[in-house]
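The repeat 'PPR 1' annotation in Swiss-Prot covers 49-83. The repeat 'PPR 3' annotation in Swiss-Prot covers 119-153. The annotation repeat 'PPR 4' is assigned in Swiss-Prot to 154-188. Here Swiss-Prot flags 189-223 as repeat 'PPR 5'. Residues or ranges marked as repeat 'PPR 7' by Swiss-Prot: 259-293. Look at Swiss-Prot and you will find 294-328 tagged as repeat 'PPR 8'. Under the heading repeat 'PPR 9', Swiss-Prot lists 329-363. Among the features that Swiss-Prot reports, repeat 'PPR 10' is placed at 364-398. Residues annotated as repeat 'PPR 11' in Swiss-Prot: 399-433. Marked as repeat 'PPR 13' by Swiss-Prot: 469-503. Positions annotated as repeat 'PPR 14' by Swiss-Prot: 504-538. According to Swiss-Prot, the feature repeat 'PPR 15' maps to 539-573.
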Amino acid sequence: MRISISSVVSSTTSRIVHRNLQGKGNPRIAPSSIDLCGMCYWGRAFSSGSGDYREILRNGLHDMKLDDAIGLFGGMVKSRPLPSIVEFNKLLSAIAKMKKFDVVISLGEKMQRLEIVHGLYTYNILINCFCRRSQISLALALLGKMMKLGYEPSIVTLSSLLNGYCHGKRISDAVALVDQMVEMGYRPDTITFTTLIHGLFLHNKASEAVALVDRMVQRGCQPNLVTYGVVVNGLCKRGDTDLALNLLNKMEAAKIEADVVIFNTIIDSLCKYRHVDDALNLFKEMETKGIRPNVVTYSSLISCLCSYGRWSDASQLLSDMIEKKINPNLVTFNALIDAFVKEGKFVEAEKLYDDMIKRSIDPDIFTYNSLVNGFCMHDRLDKAKQMFEFMVSKDCFPDVVTYNTLIKGFCKSKRVEDGTELFREMSHRGLVGDTVTYTTLIQGLFHDGDCDNAQKVFKQMVSDGVPPDIMTYSILLDGLCNNGKLEKALEVFDYMQKSEIKLDIYIYTTMIEGMCKAGKVDDGWDLFCSLSLKGVKPNVVTYNTMISGLCSKRLLQEAYALLKKMKEDGPLPNSGTYNTLIRAHLRDGDKAASAELIREMRSCRFVGDASTIGLVANMLHDGRLDKSFLDMLS
């Protein structure tokens with residue numbers, strides 16, 4: 001004997017059903033659902049000609065559009081005698097397959113008002129629609145009404161509820177529902193179990209989902225290809241590729257042949273989690289088993305190989321797929337074009353672009369961004385701008401990445417005005433620049449000596465709510481210091497120290513250099529000495545900067561002490577360290593110390609730089625040095 005619905009669903013579900021069934025009469029199914037369709041639907045429906053709906057139903061509803069379906073409903077409700085509930089169900093089912101669940105619910109309520117009696121199949125359709133809209137309480141209310149009318153829920157009814165629970169963040173209710181179904185004589189089928197497995201993965205319960213596959217078999221319900229596909233997909237999304245591969249062996253033992261979709265899922269996951277060789281091995285295995293790879297298989301592998309710089313392997317795969325008459329798609333071309341651009345093989349990238357155009361594959365924003373980047377990298381800025389304008393003409397509108405790439409290219413080529421113009425154009429197009437946009441332009445303006453506009457762009461960045469990062473501040477401080485704006489740089493630096501911005505050694509080095517260049521070597525020294533208290537370790541550039549500052553004030557003993565500290569505690573001195581000290585001692589007239597430093601530098605396999613050799617040559621010309629110094633340097 002079948003159980004009552006209150007025994008099947010969880011206690012929470014039962015309370016909702018009873019609450020909806022209190023009082024006399026039938027509950028209103030969905031008080032607001034009519035409004036979801038809009039009354040315009042009904043105007044269209046009832047103004048349509050009735051026609052012969054039977055012929056339309058016989059011919060099938062697979063290609064029917066929503067407006068036509070609503071028009072057909074209007075004709076059916078006006079027909080006399082009324083069509084059977086079976087015929088109404090066919091129409092409701094067709095609309096449900098269009099995923100127009102709100103329309104189905106509204107039509108169902110219209111039928112009720114016209115006293116067209118619903119059957120079990122009608123209730124199943126409506127319950128499924130409520131569940132697909134995550135309106136579980138309304139689905140349960142309708143279930144209660146259905147049972148009150150004497151209809152017993154079928155496995156289809158309960159599977160719809162199960163699906164609703166799974167997608168409505170009520171996975172514990174879903175598990176309880178399946179358990180109670182089994183206890184009370186219902187026999188969950190493969191679809192039921194697969195739905196629950198999918199729900200468990202949605203709620204990050206992977207181990208329970210995998211265990212349920214074994215429970216299915218124990219209960220005499222064999223998992224099918226769809227079930228295994230759901231499990232493989234769930235495992236791969238979590239990065240559990242080993243478990244996914246083990247599942248392939250289980251499928252083989254159960255004589256269920258994995259299809260290309262399952263192999264693609266695992267290959268894609270292996271690629272994402274950096275197991276490219278394992279992905280290639282699985283690719284070979286699927287070919288051995290007679291499973292033909294498709295464009296998705298090749299695209300995943302090519303994209304992965306490109307991301308690891310294995311562009312020759314990627315090119316070989318492209319040749320293989322073309323030879324096997326598998327047409328590459330947009331993803332395939334994008335991966336290869338981007339890889340060739342980054343490898344500096346721009347001629348090959350352009351050839352691929354030409355090839356995809358010949359194949360009538362329309363480039364997307366990613367394609368254009370890669371090519372614009374390539375043109376900028378090769379200082380072909382006019383060509384980059386042409387590509388930019390061409391993509392606009394093709395209704396592929398530039399994004400922030402496109403603008404950032406072009407602005408960076410123009411600023412690097414000292415065409416800052418062009419970069420600034422692009423920045424203004426972004427605003428006109430309604431695009432808000434990101435941190436990279438503003439930082440790039442600020443750097444370009446500083447390099448161009450336009451300190452005032454660089455500061456204005458920084459202020460605009462803050463007022464636009466775009467957060468500066470450590471790179472922005474580093475560029476701002478460096479630009480201010482190099483343009484003689486130390487006081488302004490100190491204001492920014494003080495703000496950074498008081499805020500929660502974590503300062504790195506590059507920021508401190510920039511400020512030390514700015515202080516030393518402005519003649520405030522004592523302030524630079526104080527900041528340098530405070531680094532250990534701040535838990536920041538100076539690098540070789542910091543030491544060299546401080547040594548240079550000390551040397552500029554002829555504090556050579558202090559500078560030499562820093563060299564000694566570097567040799568003892570690290571970081572080890574480099575060519576710049578020695579050359580700075582050698583020049584300082586030469587200018588001070590201390591030939592012996594200079595000679596000793598040159599010998600030490602040469603023992604470390606460093607050589608004199610252009611500035612040192614130039615100074616020695618001038619002193620030789622003036623007769624202040626003999627040729628032995630030049631011989632020592634070279």
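Using the three backbone atoms N, Cα and C, a Cβ is placed for every residue, glycine included.
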Below 8 angstroms Cβ to Cβ, which residues of this chain, lying six or more residues outside the repeat 'PPR 1' (49-83), approach it?
41-42, 90-91, 94-95, 98, 100, 103, 107, 110-111, 114, 116
Given a Cβ distance threshold of under 8 angstroms, which distant residues of the chain, six or more beyond its ends, lie next to the repeat 'PPR 14' (504-538)?
470, 473-474, 477-478, 480-482, 484, 486, 489-490, 493, 496, 545-546, 548-550, 552-553, 555, 558, 571
Which residue counts does DSSP yield for the repeat 'PPR 15' (539-573) in the helix, strand and coil classes, in that order?
27 helix, 0 strand, 8 coil
Going along the chain, which residues at least six beyond the ends of the repeat 'PPR 15' (539-573) come within the CB cut-off of under 8 Å?
505, 508-509, 512-513, 515-517, 521, 524-525, 528, 531, 580-581, 583-585, 588, 590, 593, 604
Within the same chain, where does the repeat 'PPR 9' (329-363) have neighbours whose Cβ lies under 8 angstroms from its own Cβ atoms, ignoring anything closer than 6 residues to its ends? I mean 6 or more beyond.
295, 298-299, 302-303, 306-307, 309, 311, 314-315, 318, 321, 370-371, 373-375, 377-378, 391, 394, 396
Report, as numbers and ranges, every residue of the chain located at least six residues beyond the repeat 'PPR 5' (189-223) whose Cβ falls under 8 Å of a Cβ in that stretch; write 'none' if there are none.
155, 158-159, 162-163, 165-167, 169, 171, 174-175, 178, 181-182, 230-231, 233-235, 237-238, 240, 243, 250, 254, 256
I need to check the long-range neighbours of the repeat 'PPR 13' (469-503): which residues 6 or more away from its ends have a CB within less than 8 Å of a CB in the stretch?
435, 438-439, 442-443, 445-447, 449, 451, 454-455, 458, 461, 510-511, 513-515, 517-518, 520, 534, 536
Mean pLDDT for the repeat 'PPR 15' (539-573), as a whole number?
96
